[in-house]
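Listed in Swiss-Prot:
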type     : residues  : note
DISULFID : C75-C162  : disulfide bond
DISULFID : C141-C154 : disulfide bond
DOMAIN   : 54-163    : domain 'C-type lectin'
CARBOHYD : N133      : N-linked glycosylation site
TOPO_DOM : 1-14      : topological domain 'Intravirion'
TOPO_DOM : 38-168    : topological domain 'Virion surface'
TRANSMEM : 15-37     : transmembrane segment
Amino acid sequence: MKSLNRQTVSMFKKLSVPAAIMMILSTIISGIGTFLHYKEELMPSACANGWIQYDKHCYLDTNIKMSTDNAVYQCRKLRARLPRPDTRHLRVLFSIFYKDYWVSLKKTNNKWLDINNDKDIDISKLTNFKQLNSTTDAEACYIYKSGKLVKTVCKSTQSVLCVKKFYK
């Protein structure tokens, strides 16, 4: 094999620097193009289509009116739940969707339950505790209406909003 002289080696070095720079630039540009083309697969949205993202949660207006039992079932099918009565998002949800909707509060046999999981709720921690505590009905369910929790019959039909955490 024939060895190259100093001038030829020097010329190759001078030509290889711009070529290397061009290769680096084309690799970066190609990477950006690939990312933009596949961004939905590489960085999926926190919430699925139709769900509204707010403060690490996804909210869906089902556009259906139904009883509490059916509302809980509908949200479970979507791997979600009804909004809790103690969440600070209730007012925001009302301003976004502008409708009365079920919350997961139910009074049955003088016990206050979260109907998403049938666990007891300490209503003294809720903002309108005094109003809730004055309820004498044996059974009552609640909707969020114009800034407050309002008692209603559990079998009545109301709007259903479902909530779930990001990426579930």
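Quick reminder: no glycine exception, Cβ is built from N, Cα and C everywhere.
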C154 (disulfide bond): secondary structure state under DSSP, collapsed to three categories:
coil
Fewest other Cβ within 10 angstroms of its own Cβ, chosen from the disulfide-bonded residues C141, C154:
C154
Reduce the DSSP letter at C141 (disulfide bond) to three states and note it down.
strand
Suppose you look only at the domain 'C-type lectin' (54-163); what would the mean pLDDT be?
86
Rounded to the nearest angstrom, how far is the Cα of C141 (disulfide bond) from the Cα of C162 (disulfide bond)?
16
Could you give the residue numbers and ranges of same-chain residues that sit at least 6 residues beyond the topological domain 'Intravirion' (1-14) on either side and whose C-beta is under 8 angstroms from one of its C-beta atoms?
none
Could you tell me the C-alpha distance between C141 (disulfide bond) and C75 (disulfide bond) in angstrom, no decimals?
17
Helix, strand and coil residues within the topological domain 'Virion surface' (38-168) as assigned by DSSP:
30 helix, 48 strand, 53 coil
What number of additional C-beta atoms lies within 10 angstroms of the C-beta atom of C162 (disulfide bond)?
24
Can you count the other CB atoms that lie within 10 A of the CB of C75 (disulfide bond)?
23
